[in-house]
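What Swiss-Prot records for this protein:
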type: SITE; residues: Arg21; note: site 'Transition state stabilizer'
type: ACT_SITE; residues: Tyr26; note: active site, proton acceptor
type: BINDING; residues: Asn77, His83, Asp90, Leu104, Ser105, Arg114; note: substrate binding site
type: ACT_SITE; residues: His103; note: active site, proton donor
Amino acid sequence: MMSAMTILVLNGPNLSRLGKREPEVYGRQTLDDINRELAASFPELSFDFFQTESEGALLEKLFNCEDKGGYRGVVLNAGALTHYSIALRDAISAITIPVVEVHLSNIYAREEFRRKSVISEVCAGVISGFGANSYHLGVRALLGMTSLEPD
């Protein structure tokens with residue numbers, strides 16, 4: 001069983017390329033840098049970091065975190081899947097664990113096709129446009145939502 005405050009940090013397609021792909025948009029930090037900073041900023045928490053290029057693997061991880069138990073929330077950067085994955089939307093709505101959608105860039109200030117999130121309506125909230133700090137804000141949001149709930 002996991003600690004009482006394990007947070008799943010779930011990253012989708014292309015996030016493995018952080019630091020290399022469009023650094024003017026996404027920054028120069030790698031995903032490993034972001035994960036290390038997140039863990040150091042919240043030493044009282046346990047994190048499960050997962051990144052995949054596969055939509056199916058994201059769905060499986062969401063379902064497994066619900067079935068396995070011990071998770072208090074999910075910070076999700078679904079990458080491009082944000083804009084079109086009805087399967088991901090359905091998976092989020094099928095679990096009871098709160099999911100906070102995060103984005104490094106402000107998706108609402110980008111190209112038209114990036115301004116629509118099909119998962120926002122089934123997430124607990126959305127944090128967008130604060131670079132790597134979006135992940136920190138996502139964790140803080142989950143802590144605010146779950147701190148008073150019993151294990």
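Note that Cβ sites are derived from N, Cα and C of the backbone, with glycine treated the same way.
Keep in mind the model is a prediction, meaning the values are calculated, not measured.
A separation of roughly 20 Å, to the nearest angstrom, links the Cα atoms of Asp90 (substrate binding site) and the residue listed as 'active site, proton donor'. When other Cβ atoms within 10 Å of the Cβ of Leu104 (substrate binding site) are tallied across all protein chains shown, the result is 22. Between the alpha carbons (Cα) of Asn77 (substrate binding site) and His103 (active site, proton donor) lies a span of roughly 6 Å. In terms of local Cβ density within 10 Å, His103 ranks first among the recorded positions His83, His103. Most Cβ neighbours within 10 Å, among the binding-site residues Asn77, Ser105: Asn77 holds that distinction in the structure as shown. When Cβ atoms from all protein chains are considered, those within 10 Å of Asp90 (substrate binding site) total 13, not counting its own. Annotation note: Asp90 (substrate binding site) sits in a helical segment as assigned by DSSP.
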